[in-house]
Amino acid sequence: MEDELSLLEKDKEYLWHPFTQMKEWVEDDQLIIERGEGIKLYDTEGNEYYDGVSSIWLNVHGHQKEELDEAVIDQLDRIAHSTMLGLSNKPAIELAEKLVELTPEGLNKVFYSDSGSTAVEIGLKMAFQYWQQIDHDFGAKDKFITLTNAYHGDTVGSVSVGGVDLFHEIYKPLLFDSLKAPSPYCYRCPFDEEKESCNFSCIKELESMMQEHHHEVAAMVIEPLVQGAGGMIVAPDGYLAKVRELCSEYNILLLADEVAAGFGRTGKMFACEHEDVRPDIMTVAKGISGGYLPISATLTTDEIYDAFYDDYETQKTFFHGHSYTGNPLAAAVSVANIELFKEEKIIEKMPPKIKIAADKLAEFRELDHVGDIRQKGLMIGIELIEDKETKEPYDWKEKMGVKVAMKAREKGMIIRPLGNIVVFMPPLCSTEQQLLDMLEIIYESIKEITS
Ligand SMILES: Cc1ncc(COP(=O)(O)O)c(C=O)c1O
């Protein structure tokens, strides 16, 4: 007990946690996770919890998955890291081949980094430099279109194309300008349209923006189908395909940020597949390594790659790279992760799981303070509201999402909310029964906290 206490004291003495008001962290009691097994996490006191948000949207096959553990150990027997600057390595090559096979047709080149944010940052620089290096009839194409409620990471470039004011407002003086089109947030439609008689006004506004600014826009950046951190906002059917069409029409590159939605979360390997969309640039991270090690990739087309491919003296090199770019350990576990997707038929097994979750979620509608329930595959957001009739939100200071998450913790499950949105994003390997158990905990927690 003394050791455990001192561990927590050391945490509070030395650590600064992400997205955390440290005053609250230090004043409150905290959990320290010691190990994981399957979809359960175990703390230093021996308590077990369902990992209800896949350790922040990463985990796919569960913790301590034998095949993934072995892939890391096997690679450790060879080498943990060597650089991609001027050298290559076997797992990075193997993974690149697999990624090209797996992603939408035409994405033929893979550029590695180590987080979702850096993958986006790379995509932005690639798009910007592409337009500098090809002949075209426009002026400087150096702007980006993004959506309100967008989240693409926390580096300055990825924050510049973000649209979550709570996270991004304070950094404004540091950011480059981006054009913000309205998010397809149907429950709180900025055009006051009813879902049933939707005129796609958000798309019309996007189109006007493109009409006016296409000559100066390098790329449109979008989280395909689901705006995750902005509140699990699910775009209506056909929205993404329309965005693709408009980008092609107005000569704007489409950067699809699959960091959250990719690797099966929406029920297909990549969200773009639902609407047969082929982006010009695609970012993947999180689930790429099954939630084991930090690695990400920015994929692009031959056309973009070729704009950088020239004699050294032309100075068209893509000047970007990180110390851990193409890390062999992370690449090796990612290769094993992709093989497991196939062997265990993860995607094929998803439809009944998605359905069972949808059926259980339908019961949540009877709760007085559940306003909207959004689901795409196993990406789920439950919006809590003060008043169901008026859609009046809870005051953010009431921290309803946090209270529900803490109640769920008491009942044996870890979830992390986004403001008033309760997020459920379980590991894809969860069984139907486990999904039901976890949803029951969420149901009971919402009921107890809001009544
Ligand atoms: C869509 C999207 N893009 C980028 C990121 C940033 O990824 P990372 O936290 O690995 O930098 C996230 C993280 O949640 C995300 O959801």
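Glycine residues also receive a Cβ, built from the backbone N, Cα and C atoms like all the rest.
Unlike curated records, TrEMBL annotations are generated automatically.
Per TrEMBL, pyridoxal 5'-phosphate binding site is recorded for Gly116, Ser117, Asp257, His322, Ser323. A C-beta separation below 8 Å, combined with a sequence spacing of at least six in one chain, links Ser117 (pyridoxal 5'-phosphate binding site) to His152, Gly153, Asp154, Thr155, Ser158.
Non-local contacts of Gly321 (substrate binding site) by the CB criterion (under 8 A, 6+ apart in sequence, same chain) comprise Met84, Leu85. According to TrEMBL, the substrate binding site annotation covers Tyr151, Lys286, Gly321, Arg416.
Sequence-distant contacts of Lys286 (substrate binding site), defined by Cβ-Cβ distance under 8 angstroms and a gap of at least six in the same chain, are Ile56, Trp57, Leu58, Gly116, Val259, Ala260, Gly262, Phe263. DSSP assigns Lys286 (substrate binding site) to a helical segment in the three-state reduction. Per TrEMBL, the feature N6-(pyridoxal phosphate)lysine maps to Lys286.
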To the nearest whole angstrom, state the Cα distance for the pair His322 (pyridoxal 5'-phosphate binding site) and Tyr151 (substrate binding site). 22
Taking the Cβ of Ser323 (pyridoxal 5'-phosphate binding site) as reference, which residues of that chain separated by at least 6 in sequence fall under 8 Å from it? Thr83
Rounded to an integer, what is the Cα-Cα distance in Å between Tyr151 (substrate binding site) and Asp257 (pyridoxal 5'-phosphate binding site)? 9
Can you tell me which of Gly116, Asp257, Gly321, Ser323, Arg416, our binding-site residues, come within under 6 Å of ligand 1 at the Cβ? Gly116, Asp257
Quick one: Cα separation, Asp257 (pyridoxal 5'-phosphate binding site) versus Arg416 (substrate binding site), in Å? 21
